[in-house]
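Q: To start, I am sharing the structure in question, which I have written as C-alpha cells.
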Amino acid sequence: MQNTLLNLYAKCGDLVYARKLFDEMSSRDVVTWTALITGYSQHDRPQDALLFLPEMLRIGLKPNQFTLASLLKAASGVGSTDVLQGRQLHGLCLRYGYDSNVYVSCAILDMYARCHHLEEAQLIFDVMVSKNEVSWNALIAGYARKGQGDKAFCLFSNMLRENVKPTHFTYSSVLCACASMGSLEQGKWVHALMIKWGEKLVAFVGNTLLDMYAKSGSIEDAKKVFDRLAKRDVVSWNSMLTGYSQHGLGKVALQRFEEMLRIRIAPNDITFLCVLTACSHAGLLDEGRHYFDMMKKYNVEPQISHYVTMVDLLGRAGHLDRAIQFISEMPIKPTAAVWGALLGACRMHKNMELGGYAAERIFELDSHYPGTHVLLYNIYALAGRWNDAAKVRKMMKESGVKKEPACSWVEMENEVHVFVADDDAHPQRREIHNMWEQISDKIKEIGYVPDSSHVLLCMDQQEREAKLQYHSEKLALAFALLNAPPGSTIRIKKNIRICGDCHSAFKFVSKLVEREIIVRDTNRFHHFCDGACSCEDYW
C-alpha cells in the first residue's frame, strides 16, 4: 500500500511528499527504491536519481530492469556529453545480466544516443537480438539531434524495409533531420507516407512537419500544414513565426503574433525571440523595441538570446551608438554572443574602431568564439588595412582557428550536389562554367555590375572580378539551370552568409530566366523573383 502511494506521489511530480513517505517507511523493497528513482528521473532531477543507487546497493538490494532503465534515463539527462555515469550503469547491466533485456538495452541505446556517443549507440543497436520501434526511434533521434540527417534518413529507410511501423516519434525525428538538411523532396516523401498510413497532424509531429517545410524553403506548404493542424499550441505558433522571420516576412510575422494574442494564446520566451528576430531581419526598429518592452506584461524574463537579438536589431539598422548604450544598460553581464552581434553590425556598416573594440571584448570572454577572427579580418580587409588583416590571420593561425570553407549545395532527383568556389571536381564542370559565363554576360547587359569589394584579398581589380565569378552559389545556380525542369523553383543551400555580389547577381538572373530562386544561408532565406529579393536588400 505504501509503495502504491509513493508511486502516486512520484508520478504526479510531488517529490517532496514522495521523499517524506520514503523516509518514514519502516520496510523498503526494490519497488520502493525504483518508484522514487523513477520519479526523480522523470521530473528533471537526474542527479538526485543517480544518488540513490549507491545507497540501494549498500543495503544489498539488487536493481531490476525498471530501476536500471530509469537510472539510464537519468544518466542521459545529467549532461549532453558526460557519458561516464552511463558507462558505469552499462557495466552494472552486464554484471546483473540485463543487457539482453529489450527494455534495458533500449535504455542503454538511448543513453548513448542522447550523450552524442553514436558509435556506441550503433554498436548496441547492431547486437540487439530483438529490435522494436523504441530502439529504432532512439537511434534515429540520436542521429537527427547530432545533425547527421543522412544517417537518420538511411536508418528510417531500413526500418521500413524491416516492416517496423513508424510512430509519431519516428516521423518527428526524421522530419527534424530533413529540416536540418533543408531536404524538401525527402520531407515531402515522409509527409506522403504519413498520409498514406492515415496519420493525423496532431501534437509534436504536426509541428515538426510545419517546421520542416519552413526550414526547407517552402513557407507556403508550412502555412498549409499550420491551417490543417488538429490543435495549434504555442509551439505551432512559434514554428510559424520562426518560418515567417527566416523568409523575410517580418510584417506578416507581427500580424500573426497579434492574432495569437487576440485568441489568448500566451506567448513564452521563444515566442518573443521569434518576434524580435523577425523585427531584426526586416529592420522594424520601433516595433522591436515595443515587443521587447511587452515581455514584462506577460511576465517573460528576457534571456541573453533576447538581448543578443536587440543588439542585432539596433546594429543592423545602423544605430551602433544606441546598440553600445543598450549593452551598457543590460541588467546582466554581456556575453560573447552579445558582442558578436555588435561585431557583425560593425562589419555591415564598416565601423573599424567599434568593431575592434567588440572583438577585444569577445576575445576576453571566449577566445574561440566562432566567426570573430573572420569578421574582424573582413572589417580590416574592406577598409584596405591589409597589415591589420594580416595580424588577424596570424592570430587565427596561432590559436588554431580555421575559417570554414564556403560551400553550396543543390538537391536534384534525391541526390545532393555540393560545390565550393572555383570547383573543378564536378562531372559537369565544363558545362557549369560555360553556363555561368553565358548567364554572366547576359545579366551584365541588363545592369549587373560585379562588386569586387566582396573579394577580401589583396589583388588587382581584374583579378578580383575574375575571383567573383566562380563563387560556390553561382556554380550551384548554373548547375540547377542546366538540370532542373524548365520553370521550376531553384533551391540552393549555403553554409555561410551569401555574399553581396552573388545577391546582386541572383536578382538579375531571376529576372533573366523568369523563375524563382530560393537561397538558404546561415541567417535566413532569400527569395529572388523578377529582379527583386524578399529581404528587400536588408540582410
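Here the Cβ of each residue, glycine as well, is placed from N, Cα and C on the backbone.
Because TrEMBL annotations are produced automatically, they should be read as predictions rather than curated entries.
Keep in mind that this is a model prediction, so the values were computed, not measured.
If you look up TrEMBL, you'll see 447-539 marked as domain 'DYW'. Annotation comment: TrEMBL describes 29-63, 132-166, 233-267, 268-302 as repeat 'PPR'.
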Q: By a Cβ-Cβ criterion of under 8 Å, what residues six or more beyond either terminus of the repeat 'PPR' (268-302) are in contact with it?
A: 234, 237-238, 241-242, 244-246, 248-251, 253-254, 257, 260, 309-310, 312-314, 316-317, 319, 523-524, 535, 538-539
Q: DSSP says what for the repeat 'PPR' (29-63): how many helix, strand, coil residues?
A: 26 helix, 0 strand, 9 coil
Q: Other than its close neighbours in sequence, what residues sit by the repeat 'PPR' (132-166), given a CB gap under 8 Å and a spacing of at least six beyond its ends?
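A: Residues 102, 105-106, 109-110, 112-114, 116, 118, 121-122, 125, 173-174, 176-178, 180-181, 183, 186, 190, 193, 197.
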Q: Counting by DSSP secondary structure, give me helix, strand and coil numbers for the domain 'DYW' (447-539).
A: 37 helix, 16 strand, 40 coil
Q: Which residue counts does DSSP give the repeat 'PPR' (233-267) for helix, strand and coil?
A: 26 helix, 0 strand, 9 coil
Q: With DSSP helix as H/G/I and strand as E/B, how many residues of the repeat 'PPR' (268-302) fall in helix, strand and coil?
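A: The composition, in the requested order, is 24 helix, 0 strand, 11 coil.
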Q: If you average per-residue pLDDT over the repeat 'PPR' (233-267), what number do you get?
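A: Per the prediction, mean pLDDT sits at 94 for the repeat 'PPR' (233-267).
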